[in-house]
């Protein structure tokens, strides 16, 4: 239990007045950049980075990581209230969070999201504390075939998932893959699908796509369906915050399963985005109320949020121990480490014990500070929902336009964002699911790279995906998830095709996310 | 009348211009944008931010500086942006040799001639790395083992510096390597540590932590002489203990990657001169020395004709390798 001793030493570093103040400042700044879409955690952290050069490395990393926690929480706020995810990893939160908020329960939605996020983060930190050395080894075992297998698993948990017609899911995935392919291809180095627009060489930024698909797309649907401007009447009730958090233990199965998925994806390193999608997909399939997912289910919020934060937290471990940043924000922090004169890698745990354990202890404390601050702000954010739609709608358009422009100061991005808005509207009207589209945009090119790297390694043989136990397990699990709904349907058909069963499927088609 | 007054005016202007001291030639009048042609955290981004900090700390200009990242398309995004900003002296583009190498091998919408070269500020070295527990002690052993034709070489990006060097090694060592491109040097280093690759040719800073952590070690450096003496990296060895590749029978005398600074095209010589001077001032500070040492790069400063010559020579060389591989775009 050397680790415990080190951790206690870490707490003596983290729990000092200046460090607690830094945490509070970091969290508040983080919530701010998280709530403003287009700014986001990576940009926020890089803006703050120059200020930390004069600081002790421990203080600097505490400030930056607190900002990261704050931004993760803040990102969920806009996902739930306005259907605009600020970070790729909070997309899945919109699926049930937004319907619940529109339903007049924004306080419940926010408090549930924050509570489960805190739980996920806590599990992630505990994992880091006890399994630091083991986890580092697991991450090393991941070569291109294993990466591909993890992405395959994430896709598989979505295709054929009840709800949208499987063929529509496949169409959405295919469009997403095509969008992800735009720009320079890593494996061949050539320019693809830029359609003569020079600037498209940079590819399609995720934030641009998502703000259009969700923010603008949802707005268009709302304008059409309920033009009679309606404000959501939500009582600001402090007790509801605590009641919502208090109800969480009832969903302990979902919490634990999502935390496990999150930790696994964080260290392997599939990343928080794949984790939250996979967790949502699996919850939808295995939850008793799975068919109501997409209409504002509590477990539909718990699952992605828990997994997202568990993965986001445990993703810091590969960064520290191996120098692989698990997310864009981690990459910026890694740049910071180098500038402060530290080199991420296995030796960090030996040479810089104060730094590493100070940081780990600050994750415990920082998350508690973040959750306390963010729960305090719930009623304030929930009150935003009472503003009439006629006022909120233009604000959402402004936020999306400014957000898209600020990604890389480009008008093309604004135009693309509006274009995605129309695509999002059409998807909704035609009952095509948006989730697989977004998933393919976010990890489609990574999956493609991993697949082609594997093919280069094996000189074209698919046998490489069954070359060792790890990759075989992942691939088999993926195939099983892919075939499970088919097998279930087959079994049901064989038993008796009753009219009631048919009614059920049509009901499901209506609740497409 | 009109004509005389114009004449008088221009004469007065000429006198004025003559009397104002040379140092006030051109000064920026609004905020300056540093464009890093790489994502946050990469080597190019670090350079842009290091320069930003030094300029701000010593107040080398009155104007504020913002760093923006345009790393999409392996950096092409930033260069295309520079091309589109022709005549705008408030955009400074930070890149590498891919400013002239990338247009050779892929259909990107820019060429280095669309930009105004300011300086090459630091050179990053390349080394041949293998896994810590690999059986070969030197480059000779490595080449002998690689003759089997089963070796996997990793690197950052496709048809970029890493792959060019890989093809040079193939030619000089008469071996065949399977090149596998990854997104970055850092990712490649992790893949080698996990045993998924046999070797890579990372820059010192990309694999420093891994060497110190005992997961991989350098066999030789692609430089005419050994690297300068510095602090030890592992318990027993530092950069200066790494032999050169030529010493070990892998005949590639020199291969390095400059970090380059550009302005958009069509700026005036005055404006270019201001930035050349600014970069010179930056390089004279102790913070710069610190940055160079921490990132294990070599301090250089090429500008004007010297820089032009360097670019031309490098271009010829890459063209030759790319031509042999059939990479050149038509």
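Any Cβ shown, glycine's included, is placed from N, Cα and C.
Here is what TrEMBL records for this protein:
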type: DOMAIN; residues: A:20-439; note: domain 'DUF112'
type: TRANSMEM; residues: A:20-40; note: transmembrane segment
type: TRANSMEM; residues: A:47-69; note: transmembrane segment
type: TRANSMEM; residues: A:109-135; note: transmembrane segment
type: TRANSMEM; residues: A:147-165; note: transmembrane segment
type: TRANSMEM; residues: A:171-191; note: transmembrane segment
type: TRANSMEM; residues: A:203-223; note: transmembrane segment
type: TRANSMEM; residues: A:259-283; note: transmembrane segment
type: TRANSMEM; residues: A:322-343; note: transmembrane segment
type: TRANSMEM; residues: A:355-382; note: transmembrane segment
type: TRANSMEM; residues: A:389-408; note: transmembrane segment
type: TRANSMEM; residues: A:414-443; note: transmembrane segment
type: TRANSMEM; residues: A:464-488; note: transmembrane segment
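Taking residue pairs at least 6 apart in sequence, the transmembrane segment (A:203-223) and the transmembrane segment (A:355-382) share fewer than three C-beta contacts under 8 angstroms.
Listed as Cβ neighbours of the transmembrane segment (A:414-443) (distance under 8 Å, sequence separation of 6 or more from its ends, same chain) are residues 88, 91-92, 95, 151, 154-155, 158-159, 163-165, 168-169, 171-177, 179-180, 204, 206, 208-221, 271, 273-274, 277, 280, 400-401, 403-405, 509, 512-513. Count of Cβ pairs under 8 Å against the transmembrane segment (A:20-40): among A:47-69, A:109-135, A:203-223, A:259-283, the largest is for A:47-69.
Computed over the domain 'DUF112' (A:20-439), the whole-number mean pLDDT of the model equals 84.
For the transmembrane segment (A:203-223), the list of distant contacts is 37-38, 40, 82-86, 88, 91, 94, 98, 179-180, 182-184, 389, 393, 396-397, 399-400, 403-404, 407-408, 413, 416-425, 427-429, 434, 437-438, 441-442, 445: same-chain residues at least six beyond its ends, Cβ to Cβ under 8 Å. The transmembrane segment (A:109-135) shares the most Cβ pairs under 8 Å with A:259-283, out of the stretches A:47-69, A:171-191, A:259-283.
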